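Note sheet for the following structure.
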């Protein structure tokens, strides 16, 4: 009887432990997955400033290329894809928040014309779904800004080329949309940023000396990183500069350094880039009219040739008489 009670107690304990772990994982996962885009979403009403600069560049200081491909034109209420390319060397590893090395992640923000938005899942063709991967990774910048879509951070090895499933608006149902050429803006990054929105540095950037003087002591901290004591012999003051785990020191004890002189290397291997393109919302009636015009031109050419041959036959008959 005691063994049975003990077994029942053990089963309950295991089930409760597993349940707690699952709940903790669910709570923690969104904060990890959506940590980077949420910085911009919380701090800026619109990710594109009046100058054309995308706000992600405030945290990602290095410049890297990005590319975007879209159809030249689309019809109303049509699903199409925008292919965003964020190239980087897949062999390199970045400094993580804990100072260790890990894989590089990527992220992107796509600013579409008003009315354009993410395509509903049931409208996306099967072959496009295979290219997209997990549609849940895409999210609107704000509930009221469905034309601005963000994704990331996601693993760079799987998503250095991101396919956005989009749908065009219909001027027949949306009177604010017209058959025009529209701009599309892209911002894309690979790797972690160098500055947080509050202005503080991450551990993925260079650390500089706060004063000029002699490095009198370098203490390795228990949880990683360094405490660097710099003594200003002229003013007789001493300052301790803290370097978090991640960057590597390039100075040594006894060395005389200048103010703002780098104490560490630059661990950043990523960067941010902007791009833009254009897309035409095409009127189907215009295409139909164009086709009718081409058909009429071809028919006119055919009739002209037939008329010419008929005229030549009449001339030949008159000559034979």
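The count begins at 1 with the first shown residue.
From the backbone N, Cα and C atoms, a Cβ is placed for every residue, glycine too.
Feature annotation from Swiss-Prot assigns signal peptide to 1-35; the stated evidence is sequence analysis. Per Swiss-Prot, the feature heme binding site maps to 36, 56, 59, 60. Taken from Swiss-Prot, the feature transmembrane segment covers 287-306.
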Sparsest Cβ surroundings (other CB atoms within 10 Å) among the binding-site residues 56, 59, 60: 59
Three-state secondary structure, which DSSP defines for residue 59 (heme binding site): coil
